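Student: Shown below is the structure under consideration.
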Amino acid sequence: MFNFSKNTFKHGVHPPEHKDDTCTMKIKQFPFAPVMIIPMAQHLGAPSQVVVKEGQEVSRGQLIAKANGYMSVPIHAPVSGVIKKIGLVHTLSGNRCEGIYLEAFPFSGQEVPAGHGVDWRTSNQDEILAGVQQAGIVGLGGAAFPTHVKLKVPDGKKCEVLMLNGIECEPYLTTDHRVMLEQSSDIFMGIRYLLRSTQAERVIIGIEANKLDAAEHLQNNIPEGLPVEVKVVPVKYPQGAEKMLIKSVLDREVPSGGLPIDVGVVVVNIATCAEIGRLLPYGHGIQERVVTITGPGVKKKGNYLIPIGTPLRFALEEVGVADNISEVYMGGPMMGMSVSNLDISITKGTSGIVVFTEGETKKQGKPMACIKCGACVQACPMSLNPSRMGILAKHEAYQEMLDQEHIMDCFECGSCAYVCPSNIPLVQYFRQSKSSIRKQKLKANAH
Amino acid sequence: MLTKTLRITTSPHLKKGMDTPTIMRHVVYALLPVAIFSVFVFGSCAFWVLATTVLSCLITEFLINQIAGNHNSLTDSSAIITGLLLGLTLPPIFPLWMAAVGGFIAIALGKMAFGGLGNNVFNPALVARAVLQAAFPVAITTWYPAMQADRFQSLPSSLFTTPFFQPVFDGVSGATPLSAFKFDQVVASANDLAFGFVSGSLGETSAFLILVGGIYLWYRGIINWRVPVGIIATVFLLSGALYLIDATTFAPPQFMVLSGGLMLGAVFMATDMVGSPMTNKGMWIYAVFIGLMVVVIRSWGGLPEGVMYAILLANAISPHIDRMVKDRVYGT
């Protein structure tokens, strides 16, 4: 009934999916933590700027931090309560940033008053983009890139296709799957806003073949007159990467160093689209998001609507974890980060929490010599040569990595390290190399 | 209250099952039937040759690790593969001390001198075999007939030649099919060749069992099918063309494919990950190159056999193939 596409991108891997545990579980509201910890650096770009004072009472949905420039978004109170403290908070990266400790009022109604809505029928592009920014929306897929920046079609470029990313190729995660099943009206409302702001002619929703129920549901509910196509693509990691999705669905290649708009496409994560459709009509800000909490170490696995700022420790205690947990990841196990400190919070970019137990985590063996098996070369979706880049990275031959091996095209999907039989931490090498190259570039520009 | 200390690892946090020692172990499994069959065909002497090369490789690797202060690398099983492969390229009555020297050369010169597993340019077993061919030309071309009646009861005395003395061979040497053809234009039957009841190196015998091992390794995702298929197809087509031109000077294609070390080389040596290219395109070039060299050396060279040199040469150009033949990077 929908458009099956046999096309797919080159290479890639097939990690075990582990989605069955949670893909049938309806999104459930998560309780409020007694104290929310809200970091200002929740998105790419400049951290938000606090606009409240210690001791101030705030109501749910109220602006507590404003956008700090164009590459930034505001933050809204996830719960009615009192600002207990403004100070440094831990973040996932291990650094600390400014944050707000918000103590919840236990008996508040937690209703969110409506603000200035944006009407999709009457508003123009700029008004919609401003509305998206004011709602504090960032990409909910994990990268947390400010959505209004992404939606801005540069002068002289044209958006032909609006691509909604419902791929969710990370193992274990099922948030987008549930959002597609449960929030289709929000998604279609979001599409109206996105169509208007990007001026795209058509909309394609890309979904992996392991979520046929979601594809079917969306296909059946496309509103009259909305130019939406649902396209199902074969299951392969990392299909959810923008460049891979565009290749699979449209058979177009985003040029190296370029953006999807260079081939006439704007890609938006499907949950982000749903959020736009839900918030913009009422002028609300984003206060919660769907998070899959799963993994062998979790007792009550599921998809939860969790207030942003909920401390990870509270979330894990609430769902219950096994005694022998050993690793906790924010995001999926392929690209997510392992957590060292449970006093960080769930932010706008948290798509999942995966908990592994001692039994599950294979002891990451010691790195051995590269035997040039080529498995990484056959896995890299960008057709890079991770083996060679790994050797160059060890010798800090960054210039060669840049000139000959296209290191900057690596988006750290982890396919190479996933298949490497010698346990070489390739992605780690590339992350460091890329950051060194960026630093060198900055230095060169400064002189 | 959660107080557990969490382990920090770098993404990806999942790992595909097979690690390097496991890969090596599977190669050993795939080689065992070939080795066991060679013992069946040639008798106890084959066992002693294989045991000597394997032990010599293991001891050499152990000693070099000790001297250089490296961690113990014996557990990765790669030294066993080298020992087995080297043993399989030798004649069944090869003097054991020479086999031991071969094992030492394979590991010391072919592998550890380059920096150990993964850093060697050439297939270590073939490096050793090349040195042995140069050093002991008589011993390495003295053959022994297959399926001797007393092969399990008695051991040929040349096996136990005192080191550094010229061996006196038992006088039961038999020509290999390739030398029989090269020097006397006698073609062995394809059936005998395929199932291995012919004179030759230990591992030159059963094309069938080598193929079974190869299919096992392909099924496990350890070898790239393009290499053996490319080599065999090239040899078959090229020698077939030559045979059509002149059937009196050139051997028939099925004979070229099934005789000598071609099958062993194509399935177990050319596919060695370290010495072969990384891209599929590169694999084809590498395989066709080996096939061409085999036919050229066998047809026009002074030796009956050419697989060893063909693979060593291909090992040498493999890094260059990788540099010149790259997959096109997405978006470029």
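Note that Cβ sites are derived from N, Cα and C of the backbone, with glycine treated the same way.
No curator has checked TrEMBL annotations; they are predicted automatically.
As annotated by TrEMBL, [4Fe-4S] cluster 1 binding site applies to A:CYS370, A:CYS373, A:CYS376, A:CYS420. If you look up TrEMBL, you'll see A:CYS380, A:CYS410, A:CYS413, A:CYS416 marked as [4Fe-4S] cluster 2 binding site. Taken from TrEMBL, the feature domain '4Fe-4S ferredoxin-type' covers A:361-390, A:398-430. Taken from TrEMBL, the feature region 'Disordered' applies to A:1-20.
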Student: For the domain '4Fe-4S ferredoxin-type' (A:361-390), what are the same-chain contacts with Cβ under 8 Å, counting residues 6+ beyond its ends?
Tutor: 9-13, 238, 241, 243-244, 326-327, 401, 405-407, 409-411, 413, 415-426, 429-430, 433
Student: Reduce the DSSP letter at A:CYS370 ([4Fe-4S] cluster 1 binding site) to three states and note it down.
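Tutor: Note: A:CYS370 ([4Fe-4S] cluster 1 binding site) is coil by DSSP, not helix or strand.
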Student: Within 10 Å of its Cβ, which one of these binding-site residues (A:CYS370, A:CYS380) has the largest number of other Cβ atoms?
Tutor: A:CYS380
Student: Using DSSP, how many residues in the domain '4Fe-4S ferredoxin-type' (A:361-390) fall into helix, strand and coil?
Tutor: 10 helix, 0 strand, 20 coil
Student: In sequence order, which residues at least six apart in the same chain have a CB under 8 Å from the CB of A:CYS413 ([4Fe-4S] cluster 2 binding site)?
Tutor: A:TYR237, A:PRO238, A:ALA241, A:MET334, A:MET335, A:PRO381
Student: Using the Cβ center of A:CYS380, A:CYS410, A:CYS413, A:CYS416 as the [4Fe-4S] cluster 2 site position, which other residues in that chain lie within 8 Å, going by their Cβ?
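Tutor: Here the non-site neighbours turn out to be A:CYS376, A:ALA379, A:PRO381, A:MET382, A:LEU384, A:PRO386, A:PHE411, A:GLU412, A:GLY414, A:SER415, A:LEU426, A:VAL427, A:PHE430.
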Student: Are any of the binding-site residues A:CYS370, A:CYS373, A:CYS410, A:CYS416 near chain B, where near means a Cβ under 8 Å from a Cβ there, and if so which?
Tutor: A:CYS370, A:CYS373
Student: With a radius of 8 angstroms around the mean position of the C-beta atoms of A:CYS370, A:CYS373, A:CYS376, A:CYS420, what other residues of the same chain does the [4Fe-4S] cluster 1 site pick up?
Tutor: A:ILE371, A:LYS372, A:GLY374, A:ALA375, A:PRO386, A:SER387, A:GLY390, A:CYS416, A:VAL419, A:PRO421, A:SER422, A:ILE424, A:LEU426
Student: Cα distance, A:CYS376 ([4Fe-4S] cluster 1 binding site) to A:CYS410 ([4Fe-4S] cluster 2 binding site), nearest Å?
Tutor: 13
Student: Among the binding-site residues A:CYS370, A:CYS373, A:CYS376, report those whose Cα falls within 10 Å of that of A:CYS416 ([4Fe-4S] cluster 2 binding site); none is a fine answer.
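Tutor: Close binding-site residues: A:CYS376.
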